[in-house]
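Feature annotations, courtesy of TrEMBL:
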- 74-286: domain 'PROP1-like PPR' (DOMAIN)
- 327-554: domain 'PRORP' (DOMAIN)
- 164-198: repeat 'PPR' (REPEAT)
- 199-233: repeat 'PPR' (REPEAT)
Amino acid sequence: MLRATFFISKIPPFFSILTHSIPPRPFLSLHLNNPSTFSHNAKHALTTTSDTLSIDKTPQKDDKTSVKLLGRARKKAGKESPEGVLKGKLGQCSKAGNVGQALSLYDDARKKGVLLNVDHYNKLLYLCSIGEGNKNGDGKVSDLGLKRGFEIFQQMLIDRVEPNEATFTNAARLAAAKEDPEMAFELLKQMKSAGIAPKLRSYGPALYGFCKRGDAEKAYEVDADMIKSGVMAEEPELSAILEVSVNVKREDKVYEMLHRLRTTVRQVSESTLKIVEDWFNSDYAAKNGKKNWDVNKVIDGIARGGGGWHGQGWLGSGQWKVVNTNVNEDGVCLSCGEKLVSIDIDPKETENFAVSLTKLACQRETMGNFNRFQKWLDQHGPFDAVVDGANVGLQNMHHFSFGHLNSVVRQLRELSPSKRMPLIILHVSRVTGGPAQIPNNKRLLENWKNNGALYATPQGSNDDWYWLYAAVRSKCLLVTNDEMRDHLFQLLGSSFFPRWKEKHQVRISVANRGPSLIMPPRYSIVIQESSNGSWHVPTITADDDHEVPRKWLCATRSRQKSIHNLSASNSTV
């Protein structure tokens, strides 16, 4: 109760300008200093469920059955209460995008005195912000939802219901639907001033609103606020800023966005590639660039970044030659003939990543089990390769195949400089049961154990953490077709993992002749900026399908001019 009263007291009286169609209401001044309203509502809400039960609420500590029954009864009573029924119906409206029905339920609930909580209001605001008209092509309901959405948001604050991030974001979406990105940005600021941490989605309404309007400076302001708040923009946000920068001819921002796309998403979608292509084909892009540049600075920039970019701005002059092309397995562009580079990884980053991975694994696994594995790895490692045994053994098979797994192990051993076996990670159930009992498979397992090449993860563990940690710790190859998206989700906030994965993951291709290894690419599949000023931009392939050639955008200036300018720069250094 006190927290909610304190929270609402922190919200400045901005919300009276939420809509011009509704007269400003002095609801904040009327309700902020009247905590009794919230107190009464909170007390009523807390006692509603209990009053519907005729069960003894103080069971004996040793009566586990009574405790379970009481929990189930409370849960059932909550669902059957007016508040619970309303929540369920609003949820159905949300799935169907039915704004009109949701508004009818809201009006009926208010007439009946049903107490709405933040979940009710958030569902209503969400529906009003997306609008049924947007889904069915009927603008009338959308207009109604827009008007009622602002009223519902104001009523929520009048009712002293504490808003959260979803509340503000939905209200900002309403403002964006009203084509008022200023209001959306102001709501974001109000949310931050109330102590609520914004998410990436919180910035969307304001950012996309300014970009759509062509107000680049305001879009940059939102972007700066996002960076200050520690929120990392992803491709949709960066692509929107890139497009507005291209349209207003801000070559410095276009350059910045290309590099942010390079570090954040690495490969771009077709829609983003079209924006990049439009930039390089524009007359304005042809006019921008250094005719002479300091070669030493370019070389130093490439060395500091590990290769693949220099950060010294647009190099060269004249029209760009823009081609959609492919890159061969050696990293040579089939259009301009330039060889793309494999970008280095700082060893310190690898160590830091291993530490963070250990923390995550210990949080999700039994610490004793994982600690034992770490000690075992210290004694038997490092290895030249680690194999996700379950993934390899089941690849394109209905049943686990020790034969396929052994074929991969033999190939990796041949590739090893020391001819050492790779580390095979298998769950204990794979080692003791099923096909493991077949004599030939038993002999294989014994051979791997005797060579210190097999680790069986214990019951209840997730072997993914074991093989990923072992590969990172040993700084070696990892053999798996698992795309590791779950791990990537856990490790968001760092751009290291996709770079590490690209350089270390070996995939398996299974044909009639058996499994074969698909080694990591010899070059980095990432936006690359060359020392002569050319650019190569890769696109995303569907489901990382390695059989389909990846499309690249190659943008170069006249080769003769670039060589001349490099020579001229060299002569002046």
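For all residues, glycine too, the Cβ spot is worked out from N, Cα and C.
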So what's the mean pLDDT when you look at the domain 'PROP1-like PPR' (74-286)?
-> 90
In the repeat 'PPR' (199-233), how many residues does DSSP put in helix, strand and coil?
-> 27 helix, 0 strand, 8 coil
Helix, strand and coil residues within the repeat 'PPR' (164-198) as assigned by DSSP | 26 helix, 0 strand, 9 coil
